[in-house]
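Below you'll find the structure, written out as structure tokens, and then a few comments.
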Amino acid sequence: MPARISRATYAQMFGPTVGDKVRLADTDLIIEVERDLTTYGEEVKFGGGKVIRDGMGQSQLSRAEGAMDTVITNALILDHSGIYKADIGLLDGRIALIGKAGNPDTQPGISIIIGPGTEIIAGEGKIVTAGGIDTHVHFISPQQVDEALNAGITCMVGGGTGPAHGTLATTCTPGPWHIARLIQSFDGLPMNIGVFGKGNASLPGALEEMVRAGACGLKLHEDWGCTPAAIDNCLSVADHFDVQVAIHTDTLNEGGFVEDTLNAFKGRTIHSFHTEGAGGGHAPDIIRVCQYPNVLPASTNPTRPYTVNTIAEHLDMLMVCHHLSPAIPEDIAFAESRIRKETIAAEDILHDMGAFSIISSDSQAMGRVGEMIIRCWQTADKMKKQRGSLPDDRPGNDNYRARRYIAKYTINPAIAHGMAHEIGSVEVGKRADLVLWNSAFFGVKPDMVLLGGWIATAPMGDANGSIPTPQPMHTRPMFGSFGKALTNTSITFVSQAAMDEGLREKIGVDKQLVAVVNTRGGIGKHSMILNNAMPQMEVDPETYEVRADGELLTCEPVDVVPMAQRYFLF
């Protein structure tokens, strides 16, 4: 006879099911379970007296006979594709199956086999997301990787050589020698990583050698001279090699105005960094580029969301990052031209509309690498409070808004940089770069981070304790962050040209190299999932007011944000 239990008891035992609602951290964002791929009465759970035991939920089948390496049980998946509950089977470091796990000899409807060789990760009451992808990283210090991984980021794309002054300001690694050294360093860093070469040149030769040396993209930055000639040349090289171009345009409008930059694009696909402009770009109207079908517009997190402190902190940040002097009036004028409350306020709304497609960090160069995910959800929460529910949200939940915002740091950056065949979503066939969250700590402090199907970092107590939880309890590197496990569970993204030239053997790295694909004409703004709006944009050159399809975009700064001091005492 089937037994009935209360919804609350069920959720406590097996996690939420269809119709149950979950609050994300301390925000006002509520998600609702849309479907459940597990079977009531046949749920699998590990532990003493539980289901996953020999002859019960655990079969006799070997790995060769179809048993998984790892199963995450009863997980609530939050992905751009939907919000649903399922068991997740991992094999060879990839997501092999999503559905119902158990023992096919004793249970009906089993698609994911648990065998004697299967490890179990308890997903009951946990939210599972794809690992975050940060596509605007200044590689100033390797310690950024620890901060990023512990925040739920599993892929970092950017450039640099360490605390050199070129790197402090610009997100690119200049030349094949530096690119090789940086890629070699990745063998010691538990993270999927890609490198931008410097894209500022008016002739192709130097850019071509950087792509062949392992750059998975090129970065154009105003501090190196972002002229129409450099833009045109860089995009031509990118088209030839199928790599993405990221751009930080000319704030001072010395080499041309935003129209000149758009003309230099010639309709070719490009990733526009900090499209609002406080992070850099044509003053005051770089924000207009989000209306074009070939531009993939992004924000960096220092302006996310617009708060009472946003303007005040930017001036000093900018002076330091771009090697400016407070003693030089022209330097101060340059800095002040980039910081406009009107465009920052509009940026909040453009994200909520889905007109801005990506959020990244700008790590240690005006942005905080460990706060990319936090700032994204703070923006979503602020917009719900100020603008209400989105038209596509159903009464009682914020599922559509949640899917829109998670896409900004998972699938959309993966698509933009030719990595979506490997990462960016909780999807069968992709790498098992997954993050488990306690809902109360969602977006703030992960419960566990998997790289290539193995645990890379997790909260852990005193290693001399009799159990894993005695204080001090904090996030620590796990076995996936050491030795050859590290190099076998994370990858480096490069160009296909570098693969063809045998880069891995040439520079002697252990990590697997994976080529980026489909970064050029095959993608555009239409490819940005749930974030492909292209409103007609106008910016008043005197008041800086921003309009989209004729509507004034403005909102008030907030003085309190969620996911903040409640979670961080120090």
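Cβ from N, Cα, C; glycine included.
Listed in Swiss-Prot for this protein:
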| type | residues | note |
| --- | --- | --- |
| DOMAIN | 131-570 | domain 'Urease' |
| BINDING | H136, H138, K219, D362 | Ni(2+) 1 binding site |
| BINDING | K219, H248, H274 | Ni(2+) 2 binding site |
| MOD_RES | K219 | N6-carboxylysine |
| BINDING | H221 | substrate binding site |
| ACT_SITE | H322 | active site, proton donor |
What is the set of residues, excluding H136, H138, K219, D362, whose C-beta falls within 8 angstroms of the centroid of the C-beta atoms at the Ni(2+) 1 site? V137, G158, G159, T170, T171, F196, A246, H248, F273, T300, S360, S361, S363, A365, G367
With a radius of 8 angstroms around the mean position of the C-beta atoms of K219, H248, H274, what other residues of the same chain does the Ni(2+) 2 site pick up? H136, T170, T171, L220, H221, A246, I247, T249, S272, F273, G279, G280, G281
Let me know the DSSP-derived helix, strand or coil state of H221 (substrate binding site), please. strand
Find, among the binding-site residues listed as H136, H138, H248, H274, the one whose Cβ has the highest number of other Cβ atoms within 10 Å in the structure shown. H136
Spatially closest candidate among H136, H138, K219, H221, the listed binding-site residues, to H248 (Ni(2+) 2 binding site) (Cα to Cα): H221
Which one is closest to H274 (Ni(2+) 2 binding site) in space, judged by CA to CA distance, out of the binding-site residues H136, H138, K219, H221? H136
Neighbour tally for K219 (Ni(2+) 1 binding site), based on other Cβ positions within 10 Å of its Cβ: 29
Neighbour count (Cβ, 10 Å) for D362 (Ni(2+) 1 binding site): 29
The correct three-state DSSP answer for H138 (Ni(2+) 1 binding site) is strand
